[in-house]
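In what follows, a structure is listed as structure tokens, so that the remarks can point back to it.
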């Protein structure tokens, strides 16, 4: 079997070393011939290029590492394209977090108005990447963990024919909760999984085919760090950690409002030190500061997915895919996050027979907002953007949505198309 050629788009990210680490640990089963690093920030790209070469040499990873700022060169003749971009960088994230707080709304990177603005900035770039892959490497797989990954997946699936998998570490987290609570190896744990990225629920949890007892489930509920265990026990489902922003909305707003810094501001400060470490000529391991950065864990899932595709081995995985009838209350072309079967032939959502009615309304509401956001981003239509923002469960008030949108768009002029700044009708 021939060796792979793999590209990392957004390689200037501090997350890139996780991918190198994974490739080094899987080199026996994932032979890679070339890693192409691509980023639009030449300075960061150069730092990560030289660090990557040092890391590969130190860990015995026999691979050619190249770099480019050109998208076509990056994707041509590749088998795997990993995407991890952040349009506007963490400064844009800070705006996403701080502006909504002024209006009494949660400011968060991927949820609510913050996630909405991240989508408007990100979708045009991701569609450009997907279309380039479609043209220059039509058989390649795009494995994405650019946020908001569910909205990104919906746009790419609707507007391109690229082979695409949207991943998030959160989909596999219920396995680790079971392991933590019950001491059962996570590989033995499977479950039904419904919802959207950062708005999802695991239920019918089984260990080697055996359903958890009520007592076991209650123990798992107690280790969920962000949502009241009493609610989890009533739901009989394990919600995404991000559901805290829906189920404890006022509490989370109060917590965010009291913080001296937003998460984005903290990361901006950390990144300066992290990239100083990457720049040192004697740095051959991931800097310890990366542990403070947080947000990792994606690379191991990505590497498992690549292993499944390359070796044509069936893999149970939670991913963002088109609905295709899995959730009867959502359109077939809507993207959902659900348990899937992955192999070289593709990725397919697994059938779900008993869909709890307790969370259908919330999932439907957020999905409607997501689909409207995709339309707004693609059309650069300000009125459509207003309706998308208004549809989010955090908003629901025109008198709030209008000034909030105006300020968000003004803060993002550098990263959005001109259409958003013209008077339009839906």
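Here the Cβ of each residue, glycine as well, is placed from N, Cα and C on the backbone.
The following features are taken from TrEMBL:
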- 93, 147: substrate binding site (BINDING)
- 109: site 'Increases basicity of active site Tyr' (SITE)
- 168, 198: Mn(2+) binding site (BINDING)
- 193-394: domain 'Glycosyl hydrolase family 4 C-terminal' (DOMAIN)
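Taking the Cα atom of each, residue 109 (site 'Increases basicity of active site Tyr') and residue 93 (substrate binding site) are about 6 angstrom apart. A 10 Å cutoff on Cβ-Cβ distances gives residue 109 (site 'Increases basicity of active site Tyr') a total of 24 other Cβ atoms nearby, all chains included. Rounded to a whole value, the Cα-Cα separation of residue 93 (substrate binding site) and residue 198 (Mn(2+) binding site) is 17 Å. In this structure the alpha carbons, written CA, of residue 147 (substrate binding site) and residue 198 (Mn(2+) binding site) are 10 Å apart.
When secondary structure is read from DSSP and collapsed to three states, residue 93 (substrate binding site) falls in the helix class.
The Cβ neighbour count for residue 147 (substrate binding site), using a 10 Å radius over every protein chain in view, is 24.
Remark: residue 168 (Mn(2+) binding site) has 145, 149, 150, 197, 198, 298, 318, 320, 337 as non-local neighbours, by Cβ distance under 8 Å and separation of at least 6 in sequence. In the structure as shown, the Cβ atom of residue 93 (substrate binding site) sits within 10 Å of 25 other Cβ atoms.
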